[in-house]
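One structure is given here, and the rest of the page talks about it.
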Amino acid sequence: MTKTLPKDFIFGGATAAYQAEGATHTDGKGPVAWDKYLEDNYWYTAEPASDFYNRYPVDLKLAEEYGVNGIRISIAWSRIFPTGYGQVNVKGVEFYHNLFAECHKRHVEPFVTLHHFDTPEALHSNGDFLNRENIEHFVDYAAFCFEEFPEVNYWTTFNEIGPIGDGQYLVGKFPPGIQYDLAKVFQSHHNMMVSHARAVKLYKEKGYKGEIGVVHALPTKYPLDHENPADVRAAELEDIIHNKFILDATYLGHYSEKTLAGVEAILAANGGSLDLREEDFTALEAAKDLNDFLGINYYMSDWMEAFDGETEIIHNGKGEKGSSKYQIKGIGRRVAPDYVPRTDWDWIIYPQGLYDQIMRVKKDYPNYKKIYITENGLGYKDEFVDNTVYDDGRIDYVKQHLEVLSDAIADGANVKGYFIWSLMDVFSWSNGYEKRYGLFYVDFETQERYPKKSAHWYKKVAETQIID
């Protein structure tokens with residue numbers, strides 16, 4: 001049976017400042033940790049990325065032409081405050097005013113994120129969000145943006161608090177490149193959630209007319225063997241690291257006994273302790289019912305089995321299928337069932353996981369209000385032929401995920417929109433330019449845009465709300 005989505009559903013496209021803008025040192029923009037980290041550790045940089053800094057009118061015109069009525073944009077913190085605080089960079093402020101005006105001119109609603117992996121270098125080098133001073137700097141930055149940009153109707157504080165901590169302190173593929181430090185992972189999650197809560201409370205106290213929420217990456221975790229208690233426990237602990245800890249902070253205003261017991265077990269196996277303060281929970285409690293929406297980024301699920309050995313994580317950054325490895329002491333090991341497809345980067349394709357995660361939020365956190373799927377898409381080594389890409393695999397991937405959204409809505413979940421990652425091809429943090437996600441192919445040499453087959457398909461779905 002053909003499935004449909006509501007008439008008022010937003011069909012969006014997602015971007016991020018550092019992955020799209022380029023112009024990393026232009027017009028007074030301050031440095032971010034990624035600038036030097038990429039030069040030192042990778043075979044690419046974020047210059048010029050998709051040159052969105054100069055070509056956003058082209059991308060927004062394409063968005064309008066192809067039925068995309070919402071766009072995720074992030075503000076580069078160091079474009080506004082080059083060192084994270086203090087002196088304002090007027091040219092950076094002007095750029096975002098112009099960008100938001102172009103969005104509205106093209107009838108593409110901007111959903112604006114304050115922090116998308118790009119803390120200014122001056123703050124990152126003094127501990128990033130492990131340093132509580134930077135909570136204050138973030139709240140001040142948020143306050144400035146809320147006041148300066150009244151044309152923004154939808155704000156999100158952070159993009160993917162979970163993967164920031166994981167990338168920086170567990171996998172070690174994000175600056176500062178620390179591996180296997182679970183205490184730092186949880187402390188980063190916690191301090192960022194406190195920053196989120198304080199920004200949300202400030203926004204509501206000031207009486208701004210828009211909406212505010214947070215974007216969490218929520219990969220669903222399953223036990224490899226549902227009958228094996230050790231596998232079930234491995235999935236529970238993995239879920240706490242990536243999902244439950246931050247969801248509890250967002251919607252409970254504290255960590256449940258089960259969550260805290262899991263954290264204690266993880267730290268007992270891996271070492272370290274957390275600094276959780278009374279004033280932190282006061283802030284979390286004050287904001288738990290103030291979130292207007294939850295953004296869910298969903299790409300994949302994971303299956304976990306029990307594991308007794310030492311921690312080892314190997315990141316598949318070059319699309320060599322089967323080269324990744326993920327096992328954590330005291331938690332478990334990721335093992336993909338044979339029947340589940342995966343991408344060249346070992347990302348498991350499992351649309352049911354999105355449905356299960358949405359229904360989990362609905363059940364466990366009934367104060368969630370509404371959900372947007374703020375990222376979902378297929379990374380692919382696109383083949384450019386006849387001035388396009390025949391990306392049937394991407395179409396199939398998105399179609400399957402839209403279908404489970406239709407199911408979730410039918411089953412009572414309040415899902416209001418979907419943002420494909422990504423609007424156009426952008427630079428990928430730990431994969432460079434080979435891994436493409438866009439509806440529009442970008443020739444990174446010429447910066448020309450070309451609609452892929454998926455862009456034409458997405459336009460039809462957006463216009464009809466029929467998933468076909």
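Glycine too: its Cβ is placed from the backbone N, Cα and C atoms.
Residues annotated as D-galactose 6-phosphate binding site in Swiss-Prot, with sequence analysis given as evidence: Q19, H116, N159, E160, N297, S428, W429, K435, Y437. The feature active site, proton donor is assigned by Swiss-Prot to E160. Annotation comment: Swiss-Prot describes E375 as active site, nucleophile, evidence class sequence analysis.
Restricting the binding-site residues Q19, N297, W429 to those with a CA within 10 Å of the CA of the residue listed as 'active site, proton donor' leaves N297, listed by sequence position. The shortest Cα-Cα distance from E375 (active site, nucleophile) to any of the binding-site residues (N159, N297, Y437) is found for N297. Mapped onto three states, the DSSP output places Q19 (D-galactose 6-phosphate binding site) in helix.
Reduced to three states, the DSSP call for E160 (active site, proton donor) is coil. The highest number of surrounding Cβ atoms within 10 Å, among the binding-site residues W429, Y437, is found at Y437.
DSSP assigns the residue listed as 'active site, nucleophile' to a strand. Around N297 (D-galactose 6-phosphate binding site), a 10 Å sphere centred on its CB holds 23 further CB atoms from the protein chains shown. DSSP assigns W429 (D-galactose 6-phosphate binding site) to coil in the three-state reduction, outside any helix or strand.
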